[in-house]
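> Positions annotated as domain 'G-protein coupled receptors family 1 profile' by TrEMBL: 41-317. Annotation source TrEMBL lists transmembrane segment at 26-49, 61-84, 104-132, 153-171, 206-233, 262-284, 304-324.
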Amino acid sequence: MNSSEDFPSSYPDNALFQFASWFTGVHGYVSLIICTFGVCTNIFNITILSRSDMRSPTNVMLTWLAVSDILTMIPYIPFAIHFYCVYDPMDVSPEKFTKQWTTYMQILVNLAATTHTISIWLGVALAVFRFVQMRTTATGPLARKRSMKQAKTVIVVVYIVSTLILIPNYVTNEIEEVTMNNKTMYVLKDLKLASNQTDTIVLVNVLVYSIVAKLIPCALMVVFGGSLLYSLAIKGKSRRRRLSTNGMGQKRETRQTKTTRMLLVVMILFLVTEFPQGVLIFMSAVMKDFYHNVYVPLGDLMDFIALVNNAINFVLYCSMSQQFRSKFLEMYLRRTSKFKKIEKLSFTHSFTKTLFTDVHS
């Protein structure tokens, strides 16, 4: 998310900055579309996954992942309207950068950093939970109850720790008053990254944020995701052969495979979104002029990719979970006879318990 000082009145004549100039012009409008879609679909996610007959450790974490995504997108809508649609995104003027709107930008920058940290660590938690569950033999109501309690505890810890660890980020994002054409405007203070003027707390904060909130969780996703992929590709074959004589065991194995595949896709989306940003933030802290020459031109693109990741989970769940599709049709389209027919024709087969309700098994 770029501040006023990041937007020059015209970009230098090179390919990266020319792309940034073009994308900044459309960023506000496409972001509004993505955010509106994402807020609506994440509401669907929350209402469907929180149903009593859909409740499982995975679904509890996916529900609070949707909450985090909504907290990212709702505040972004007025930001995009004011800074990209009402005013030219390249404009730097006192009318655009009032104290109130710059304060709003400051709050949004801090909130987005927090919600992104929450989301990625919930992604790690999903991977770890699935990794453990695929190796445990414990089943039954007590095991399910214990897993639910652990999932809820992890969610609370992730939300609290993500907020606490970003306190230095809240402190270092300051507003300063500047004068332009004898008029006062307010901007976010330049952090002067990778220079002799960089404050120690700023440097430590940026490094901690890039490593703890981006690079480490991405590395953990690669480790646990690789283990899950190995289990699917290698161990899954032998387990399926072993269970082939047991109908219920085979059905359980099929459901577990679907769940694991869905979580792998979720992790891949996080890696595509968060790992490049983590690298760019880290390089901005250690390489002179990298922030203004590389990070700033790519800032709007990274924001857009993150918003797409926040909004796309509904599409993923619908495409990979029959039960999620069925619940969506039942809850939101049940009065439409056309969709009733589609549901009857498409979703009635032997596997009535699928992706989201089997995680505890």
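Cβ coordinates come from backbone N, Cα and C, glycine included.
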> Count the Cβ pairs between the transmembrane segment (206-233) and the transmembrane segment (104-132) that lie under 8 angstroms and are 6 or more residues apart in sequence, then report whether there are at least 3.
yes
> The transmembrane segment (61-84) vs the transmembrane segment (304-324): three or more C-beta pairs under 8 Å (separation of 6 or more)?
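With 3 or more qualifying Cβ pairs, these stretches touch.
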> Could you give the residue numbers and ranges of same-chain residues that sit at least 6 residues beyond the transmembrane segment (153-171) on either side and whose C-beta is under 8 angstroms from one of its C-beta atoms?
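Same-chain contacts beyond the flanks: 60-61, 64, 110, 113-114, 117-118, 121-122, 125, 129, 201, 204-205, 208-209, 212-213.
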> State the residues, same chain only, that lie 6 or more residues beyond the ends of the transmembrane segment (304-324) and have a CB under 8 A from a CB inside it; answer 'none' if no residue qualifies.
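Sequence-remote neighbours of the transmembrane segment (304-324) are 23, 27, 30-31, 34-35, 37-38, 41-42, 44-45, 48-49, 54, 62, 65-66, 69, 72-73, 76, 116, 119, 258, 261-262, 265-266, 269-270, 272-274, 277, 347, 351-357.
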> Quickly jot the same-chain residues contacting the transmembrane segment (26-49) by Cβ under 8 Å, restricted to those at least six beyond its ends, or write none.
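Contacts with the transmembrane segment (26-49): 59-60, 62-63, 66-67, 69-70, 73-74, 76-77, 80-81, 83-85, 89, 300, 303-304, 307-308, 310-315, 317, 324, 327-328, 331-332, 356.
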